[in-house]
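Look at TrEMBL and you will find 1-21 tagged as signal peptide. Taken from TrEMBL, the feature active site applies to H414, D466, E475. The annotation domain 'Carbohydrate binding' is assigned in TrEMBL to 534-616.
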Amino acid sequence: MKNVNIPLCMLLIALVHLGASVPLSFNYGDALDKSLLFFEAQRSGKLPLQQQRVKWRGDSGLNDGFQQGVDLVGGYYDAGDHVKFGLPMAYSVTMLAWGAIEFRKEISDINQLENTLWAIKWGTDYLIKAHPQPNVLYGQVGDGASDHYCWERAEDMTTSRTAYRIDEAHPGSDLAGETAAALAAASIAFSPYNSSYSALLLVHAKQLFTFADRFRGLYDNSIYSAQQFYPSSGYSDELLWAAAWLYEASSDEYYLKYVVDNAVYMGGTGWAVKEFNWDNKYAGLQILLSKILLEGKAGSYASTLKQYQAKADYFACACLQKNDGYNVQKTPGGLLYVHDWNNLQYVSSAAFLLVVYSNYLSAAKTQLNCPEGQIQPPELISFSKSQVDYILGKNPKYISYLVGYGQNYPVHVHHRGASIASIFSLQSEVGCSQGFDAWYNNAEANPNVIYGGLVGGPDGNDAFSDERSNYEQTEPTLAGNAPLVGIFAKLQSLYGNIGSYHQNEVPVPQQKAPSTGTWKTQVPKTSEVASVPVEFLHSITSSWSVGDATYYRHRVIIKNTSLKPISDLQLVIENLSGSLWGLSPTKEKNTYELPQWLKVLNPGSEYMFVYVQGGDQAKISIQSFH
C-alpha cells in the first residue's frame with residue numbers, strides 16, 4: 001500500500017475512451033500545485049513547521065558546510081539523489097522567479113503566489129549563504145560518485161557532504177553568472193512584497209556578476225566532481241544572461257550596454273539554438289532581450305537587439321516546425337524531442353519560453369515571423385499547450401509524466417526518498433547498501449508519492465518504461481520542474497478550472513446553494529476594529545458537482561481602504577467546512593493570519609485568499625491588527 005501523505009484529489013473531469021481513459025481537458029491549477037509540492041519534497045535542511053506540506057520528509061543535511069566553516073544548510077537536492085548542484089539549482093530558481101514575474105497575476109488568481117515565493121526563497125536563502133564573500137561562491141555540497149553508490153533517505157545520509165567552491169584562483173563564470181541571474185530575477189519577484197529582501201538579493205547578484213566577469217573560467221574545471229554530472233559547455237551565455245537580468249532588476253544601463261557590446265564576441269547574436277536548459281541560456285537570453293525591443297525601449301541599442309530577436313524567432317519557429325526544415329525533432333506522438341536523457345526538461349523549458357514570447361508579442365501587437373509564414377501569438381500558446389497536455393496524459397501511452405497527477409502516472413520513480421518508507425513510519429536507519437537490497441530492487445510501487453515530479457519521459461518513439469532503474473526516463477529534476485509553474489498558471493488562466501481539484505479534504509456538502517456574483521462585506525463595527533476600514537470582496541469563481549453535492553470556489557479579496565498600513569492582521573473565519581488557501585492558521589481556533597511574506601497590507605492594496613465548500617459563504621471578521 002502507498003504511504004500517501006498528500007491528500008487524494010477528487011476526479012472531476014469527463015473521460016473519453018481511446019483505448020484508455022484520457023481527460024478531455026486538464027486542471028492546470030492542480031498541476032501547478034503539485035509542481036510546487038515537488039520543490040517541498042526536494043528541500044534540504046531544517047524543514048519549516050507550517051510551510052511544509054510534504055509530510056513524509058524530515059530534516060536532513062543539517063551539518064552541510066560544517067567542515068569548511070560555513071553554513072550551507074538548506075537549498076534543494078537536485079533530483080533522485082542528495083547532491084546540491086549549484087548550477088542547475090540556480091537555473092531552477094531563475095526559472096521559478098521568471099514565472100513569478102511574468103505570470104504574477106495568474107499565479108495570484110489561483111492563490112499560489114505564497115507557495116511560489118516560498119519555493120524561490122528556499123533557493124535564494126541558500127544561494128545567499130553560499131556567497132559568503134564577494135569573490136567566493138560554494139557551488140556544490142556532496143559528491144555525486146559516492147552519493148550514487150548508496151540508496152538511502154536524505155534523513156539517513158552517510159555519504160560525503162564535502163562543500164566545493166569557486167574563487168579568484170578557481171573561477172567559475174558560468175556558475176557565478178547563473179547564480180547572479182537567479183538572484184536578480186528573484187529580486188524582481190520579491191520587490192512588491194519584501195523590498196529589503198529584494199535589495200539584498202540585488203546586492204549579491206551584482207557582486208556575483210562582477211566576480212564572474214573579472215575572473216573567467218569554467219566552473220567544472222574548478223569543481224571537478226561536477227564534470228560527470230553537470231558539465232559546462234561555456235560561460236559566455238551565463239555572463240550575458242546575468243547582465244540581462246541585472247538590467248531588468250536595476251534598470252542600470254551598464255548591464256544593457258554589456259549585452260550589446262558583447263553580443264558578437266559572446267555569441268548572443270551569433271548562436272541560433274533549438275534548446276534551452278541549465279547549460280545553454282542563449283534562447284532564454286534572446287527572448288528576454290527581445291522584450292526591451294518590443295516595448296520600444298531599445299533606443300540606440302535597437303540594431304543589436306533586433307539581432308537578438310532574430311535568434312529568438314529562430315528558436316520559436318524551430319519549435320513550431322516553421323523554420324524551413326531546421327526544426328526541433330518531434331516524436332510520432334507530437335512531443336518535442338531534444339535529448340535521450342530526461343527529455344521532458346527540454347520540453348518544459350521550451351514551452352515556457354514560447355508562452356513568455358507570446359506575451360511579449362501580444363503586448364507589442366505584433367507576430368512571430370518564421371520562414372514558413374507569420375505566426376500569431378496565440379499559436380505559440382496553443383503549441384505550448386499541446387506539449388503540456390502531452391505531459392499530463394494526452395499521449396500514446398495515456399500516462400501522466402507529472403507524478404501524482406491524474407489516475408495513471410509512474411509509480412517506480414527513480415528517487416531515493418520516495419522509494420523508501422518515510423522516516424516517520426520506518427524509524428530505523430536504512431543503510432547505504434541496505435537501501436538497494438530492500439527498496440531499489442523492490443518491484444512494489446514507491447511507498448511515497450513524490451507529487452509534481454516531472455520524470456524524464458518517453459523516448460523518441462513515445463515508449464516509456466516505468467522502472468526504478470530506468471533513471472533516464474523515471475528520474476525527476478529541479479531543472480525540469482521549474483518552468484512548469486509559470487506555464488501552468490498561464491494555461492489555467494486561459495482554460496479555466498476544469499479537471500481534478502486538489503484540496504486538503506472533501507468538504508461537507510450543504511443543501512442551500514449560495515448566492516452568485518460579487519458582494520462586499522464591511523468589517524464589523526466593534527470597538528477593536530471600527531477605526532480601520534477594511535472591505536472583504538466575496539465572489540464565487542467556479543462550482544462543480546460530485547454526486548448530489550455541489551461545491552463552490554469562493555474568492556475573498558481583503559482591501560485596505562484606510563490611509564494607513566495594516567500589519568499583523570488576524571481574521572476569524574467561521575462556518576468553514578471545506579479547504580482554505582492563502583492564509584496561515586494560528587493556534588487559536590478559526591483564526592488565520594496573512595502569510596509571512598506579506599507583513600504589511602498597504603493603503604489601497606489588496607490580498608486574495610480562496611476556500612472551497614458546499615453551501616453558503618463562511619463568515620469572516622477581524623480578530624486583531626496593528
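Heads up, the Cβ atoms here are built off N, Cα and C, so glycines get one too.
Owing to the predicted nature of the structure, the values given are computational and were not obtained by experimental measurement.
Distance noted between the C-alpha atoms of D466 (active site) and H414 (active site) is 9 Å. Set side by side, the active-site residues D466, E475 differ in how many other CB atoms lie within 10 angstroms of their CB, and the most is found at E475. The average pLDDT computed over the domain 'Carbohydrate binding' (534-616) stands at 78.
Annotated pair E475 (active site) and H414 (active site), C-alpha to C-alpha distance, rounded: 5 Å. The Cβ of H414 (active site) has 25 neighbouring Cβ atoms from other residues within 10 Å, across all protein chains displayed.
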